[in-house]
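Novice: Heads up, here are the entries from TrEMBL:
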type: TRANSMEM; residues: A:39-64; note: transmembrane segment
type: TRANSMEM; residues: A:111-128; note: transmembrane segment
type: TRANSMEM; residues: A:140-161; note: transmembrane segment
type: DOMAIN; residues: A:172-361; note: domain 'ABC transmembrane type-1'
type: TRANSMEM; residues: A:173-195; note: transmembrane segment
type: TRANSMEM; residues: A:207-227; note: transmembrane segment
type: TRANSMEM; residues: A:247-267; note: transmembrane segment
type: TRANSMEM; residues: A:304-328; note: transmembrane segment
type: TRANSMEM; residues: A:349-367; note: transmembrane segment
Amino acid sequence: MSSTDIPPTKTIFVRKEMIGASAAPISTRGFFGWVRTRLFGSLFDAILTVIGLSIAGSIIWSVVDFAIVRAVWTGANGEVCRAEGSGACWPYVTAYWQQFLYGRYPAEERWRAIAVFFAFFGLLVPLAMPKVPFKFANTLAFLVGLPIFAYVMLCGGWFGLVPVETMRWGGLLVTMVVAVTGIVTSLPIGILFALGRRSQMPIVRMLSVVFIEFWRGVPMITVLFMAANMLPLFMPDGVDVDKLLRALIGVSIFTAAYLAETIRGGLQAIPKGQYEGAMALGLGYWKMMGLIVMPQALKMVIPGIVNSFISLFKDTTLVLIVSIFDLLGMIQSSRSDPEWAAPSTSTTGYLVAAAIFWIFCFGMSRYSQWMERRLATGHKR
Amino acid sequence: MTDTSLAPTGRTTPAAARDLAVEMIDVNKWYGDFHVLKAIDLEVKKGEKIVICGPSGSGKSTMIRCINRLEEHQAGRIIVDGIELTEDLKRIDEIRRDVGMVFQHFNLFPHLTILENCTLAPIWVKKLPKREADEIAMHYLRRVRIPEQANKYPGQLSGGQQQRVAIARSLCMSPKIMLFDEPTSALDPEMVKEVLDTMVGLANEGMTMLVVTHEMGFARQVADRVIFMDAGQIIESNEPNAFFANPQHERTKLFLSQILH
Ligand SMILES: Nc1ncnc2c1ncn2[C@@H]1O[C@H](COP(=O)(O)OP(=O)(O)O)[C@@H](O)[C@H]1O
Ligand SMILES: [Mg+2]
């Protein structure tokens with residue numbers, strides 16, 4: 001760093017290439033530098049650090065202690081977990097695992113749900129990886145093929161498959177069905193209402209405003225409750241819309257209203273010149289929106305969109321109040337099984353639910369951050 | 001480029017007007033109470049190059065933007081390449097396909113590469129196959145001398161380069177008329193020349209051009225006519241030598257004295 005220790009006469013040269021800025025001195029660099037400057041910069045900082053670390057440490061320790069150290073790993077029933085001071089009751093999770101995944105879906109038909117899981121991830125993973133080719137075919141398969149396949153497989157009734165009514169679906173299967181359908185359908189609906197709210201046509205604009213403000217104004221629980229209990233009252237006799245389907249529509253429309261506002265925010269940030277450039281080239285409204293405006297607007301609001309998706313994923317747990325048993329619902333109902341009754345059963349179940357939900361939500365969040373960086377075309381100056 | 005032969009369907013004007021690229025008859029426009037364009041009469045022949053100048057706010061942009069319906073006029077008639085501009089969306093599309101426009105701030109699409117910027121309209125509006133659109137785009141990118149930038153994004157290019165891409169992008173639609181709205185005003189001085197050179201080249205090939213600019217050197221070199229606008233009116237219209245040497249109106253003299261030192 002310091003040029004003073006080089007004897008001035010020793011070498012004379014002209015620098016041909018500029019060297020970059022040097023790293024900071026070691027005392028402010030690396031882990032120890034970071035610790036020293038950030039955590040123990042002053043006496044007050046040091047005190048806060050010690051307090052913070054001890055709180056975090058005790059929380060982490062109590063989880064580890066419960067889930068691993070004092071945990072019971074094997075056993076045939078709740079007996080083993082009832083011992084004084086025992087931690088997580090893992091045999092309960094093992095015993096109920098299939099139900100956590102599929103609910104009351106008949107055991108001999110579970111392969112159908114597994115096939116759908118595989119089809120879903122088999123199509124999603126290549127779709128999510130930009131390098132994999134055949135994006136168009138992949139998207140088509142995901143948006144058209146998969147829903148048909150999933151519907152036929154899960155509901156049954158065709159090709160000799162035993163019909164399984166949706167009331168028997170449950171667990172992670174229902175969570176995934178509600179979340180994925182909600183995500184895939186709410187985005188296009190949200191886009192349409194965002195466009196509608198900015199439309200030149202007063203009627204379209206008014207309808208969009210009414211739709212958005214109505215759905216944003218009611219709590220999700222109310223939406224689901226109305227869909228499950230009030231809707232049948234207004235339906236003509238003999239018309240019975242499946243309960244799960246009603247919940248799906250409720251969740252999807254609810255999220256769409258939020259997405260519409262998020263996307264409208266993005267649309268407002270697109271400069272007028274982009275519209276004019278597109279119009280001057282002869283692009284009509286839909287091509288201008290679809291090719292020029294929307295891609296830029298959506299890219300800008302990825303964080304907001306993913307925010308909505310994550311909250312949708314977690315809100316799927318609310319379907320429990322219309323007696324659809326999603327992952328959390330299954331855990332709730334199984335923990336009161338007298339055979340597995342033990343002080344730690346509930347906690348263990350909720351720990352599993354939290355872990356699974358966290359993995360999915362964290363995954364979505366990381367993927368969106370990565371996508372955002374990838375889509376940055378460096379036009380911001 | 002200057003294909004003036006075939007007329008598509010929907011032509012309404014008599015044969016006498018055939019050689020007119022743009023015809024504006026008593027065009028008026030208001031923004032609320034504000035009268036932006038006052039009784040504009042303008043005829044532009046095919047292949048003619050017109051430079052429009054005038055003080056800021058005089059309505060130059062508004063006038064040329066009426067030609068491709070980025071702005072709507074409220075009274076009078078505008079006939080572009082034999083097609084009269086009306087509410088009819090089909091005709092507006094048809095006209096926009098024939099009229100290219102270059103903006104002060106380029107208006108390139110930042111999320112698309114240079115090549116994609118150029119091929120977008122040929123593919124989606126003209127329905128050309130991608131390969132053909134690519135070839136056309138590369139042809140024009142070579143003409144504006146930046147083929148090597150084809151796979152970069154607009155944000156990675158200098159202002160002058162971006163404006164040349166914008167010109168190439170318009171040319172890819174093989175327009176019959178090109179509108180330029182202060183194409184060099186947002187550029188650093190050293191980049192002005194490269195854009196003007198491109199425009200001179202285009203003019204020499206016989207393109208019909210309406211150029212709003214204060215680059216009087218350019219006007220002298222290529223314009224067939226220079227138009228001076230003030231307060232929404234065309235005050236004076238003359239061929240460049242006479243326009244600069246012998247302006248007729250006080251306001252023109254004042255304006256010229258301000259921009260030509
Ligand atoms: N959308 C608009 N609403 C109201 N006034 C406008 C609008 N666009 C332009 N104007 C006004 O119209 C006048 C002419 O504008 P413009 O054609 O852009 O002028 P120029 O290009 O000659 O500088 C200006 O006074 C401007 O303020
Ligand atoms: Mg202007």
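Cβ coordinates are placed from backbone N, Cα and C, and glycine is handled just like the others.
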Novice: Checking distant contacts: for the transmembrane segment (A:39-64), what same-chain residues at least six beyond its ends satisfy Cβ-Cβ under 8 A?
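Specialist: Residues 351.
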Novice: Taking 3+ C-beta pairs under 8 angstroms (sequence gap of 6 or more) as contact, is the transmembrane segment (A:247-267) in contact with the transmembrane segment (A:111-128)?
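Specialist: With fewer than 3 qualifying Cβ pairs, these stretches do not touch.
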Novice: Can you tell me which parts of the same chain pack against the transmembrane segment (A:207-227), counting only residues 6+ beyond its ends and a CB-CB cutoff under 8 A?
Specialist: 193, 196-197, 199, 246-247, 249-251, 253-254, 256-258, 260-261, 315, 318-319, 321-322
Novice: Can you work out which residues elsewhere in the same chain, 6+ from the ends of the transmembrane segment (A:173-195), have a Cβ less than 8 Å from its Cβ atoms?
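Specialist: Sequence-remote neighbours of the transmembrane segment (A:173-195) are 101-103, 105, 113, 117, 120, 143, 147, 150, 154, 208, 211-212, 244, 247-248, 251-253, 255-264, 267, 289, 294, 298, 305, 308-309, 312-313, 316-317, 319, 324-329, 360.
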Novice: Other than its close neighbours in sequence, what residues sit by the transmembrane segment (A:111-128), given a CB gap under 8 Å and a spacing of at least six beyond its ends?
Specialist: 101-102, 105, 134-135, 138-139, 141-142, 145-146, 149-150, 153-154, 156, 161, 164, 173, 176, 180, 367
